[in-house]
Amino acid sequence: KHIHYGGLGDAFTNAAGPKSDNIKMPGLESVVDQATEDMNRARQQHEDAVRAFEQKAAQRQMAVPTGDAQVKAKLREFGEPACIFGEGPYERRDRLRTIMAGRSTESQHTKRQEVAGDEDLFYTEGLEELLEARVKIAEWSIPRANQRLIKERKARAAEDPLEYEERIDRFCTFLQKSMVAEVSQVGDERPLTQGKFSPDAQLYCTSSWSGFIKLWKVPSCEPTLTIRGHEDRCHSIAWHPTCKGAPPFEGKTVRLASASADSRVNLWCLTESQPLAVLEGHEDRVNRVVFHPMGEHVLTTSHDMSWRLWDIETSSELLLQEGHSRPTYGAAVHPDGSLAATSDLGGVVRVWDLRSGKSIMPLAGHGKQVLSVDFHPRGSLLATAADDHSVRIWDMRKRRCLHNLLGHNKLISEVSFERGEGRLMLTASYDGTVKIWSTTDWRCVKVLIGHEGRVMGADHIPSSINGHHYIGSVAFDRTLKFWSTQGKAEPPVDATSFM
């Protein structure tokens, strides 16, 4: 039985459905807003979960002290309370792990920002002498850049690119078949650090941990001059661009510069046993010294995280340039003299405009310390060598890395291009080898094996001797070696046919 309240008409009306004015359908905008909020909430929850997972993974990989006393000491170093009420040794160690993970995350974020490069610019007032030097460098570099471009256009018009590559391939094949170690000589009682050919290819200079600087004849490798350069380790040497001839020299002009761990740079005329001038100002060891192509200035890098520009004539410091957050190491100057490249032990390379003082191009790509940089003679490429066993080739015009050469299985101590045409590139490594690379297709042409220790440096000869190519290398085994294409070919080959 059913009991109905009210009339049957009302019952049929209600059964037909609710009134239309009682139905409130949500609008499209409210649906989209709600979906967006849900998506944002879900995305935030996902990011928080990923961040928590990465933090836990980092905590598991951290080396945290196990002793309670060491844990308390570490907490005090971080400025945290050594003990919290109700906390046991296990909870205290877990708290230290969390704190260390948070600190490492902050440091990684800071490093990423540093590598990305901040665009904030700040300027400090320079000396009047620095302004004069910048103007002089600009007036000297612009005509050289113009001459270089005109020369490249003429060479491109005179020779087909395919013919040029074929000629380079013939030369590389000649090197591969005929280049061997011609001379090996013990250079010092302690490991050698660097070796450089003089601009006219008559001398080869070596530096060592003993502080001695020695000059050797080319190609006989006979010692001609020994100088007590520094009381501490001598890390780098550089020839003046206009230095010519062999001892005995005449006149008191700067012919050589040397850098040492005693934070000094000595300028030598090579006619006396004492330096012609001493450049003092760095607060830590000096790693590299390079002459500006104009011949009036010297650039140095140091562990004090700065590089400096010096005036040779007055022996005064013109510029103290900061910008690296780690000790600066490698240094090179553009063939035109307009740019300078410096590297640091944090893996960052910076290109500086010497005419304006700006850092125009930060290059971040290496995962470990960058120890050597060098410009291609044609000026458009920059090579950087690092502890990550790789050499990167950067295009200065496109502002990007063109090639990443994984050529060694240990640290690469030096990279250098062939002077003049730039057909070859050298890399020296702690794996005990020197490798020659073709700059047309970036393949390894020849591996020079002979040193028993890690190779500290290698250099091309500026000009061939009787048509033959020479390479000099120095190593931790205290020896220097000359590698050449002369006299070992069977039958003897006329090298000029491959040039």
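Here the Cβ of each residue, glycine as well, is placed from N, Cα and C on the backbone.
Feature coiled coil, per TrEMBL, maps to range 25-56 of the set 25-56, 217-248, 281-312, 313-344. Under 8 Å from some Cβ of the repeat 'WD' (405-447) lie the Cβ atoms of residues 164-165, 168-169, 171-172, 175-176, 179, 194, 371-378, 381, 383-387, 389-393, 453-460, 462-463, 471, 473, 475, 483, all in the same chain and six or more residues away from its ends. Sequence-distant contacts of the repeat 'WD' (363-404) (same chain, at least 6 residues past either end, Cβ-Cβ under 8 Å): 115-117, 145, 148, 152, 326, 329-336, 339, 341-351, 410-422, 425, 427, 429, 439, 442. Sequence-distant neighbours of the repeat 'WD' (321-362) (same chain, 6+ residues past either end, Cβ-Cβ under 8 Å): 111, 114-115, 117, 121, 126, 134, 137-138, 140-142, 144-145, 148, 284, 287-294, 299-309, 368-375, 377-379, 382, 384-386, 388, 394, 396, 399. With DSSP classes pooled into helix, strand and coil, the tally for the repeat 'WD' (363-404) is 0 helix, 24 strand, 18 coil.
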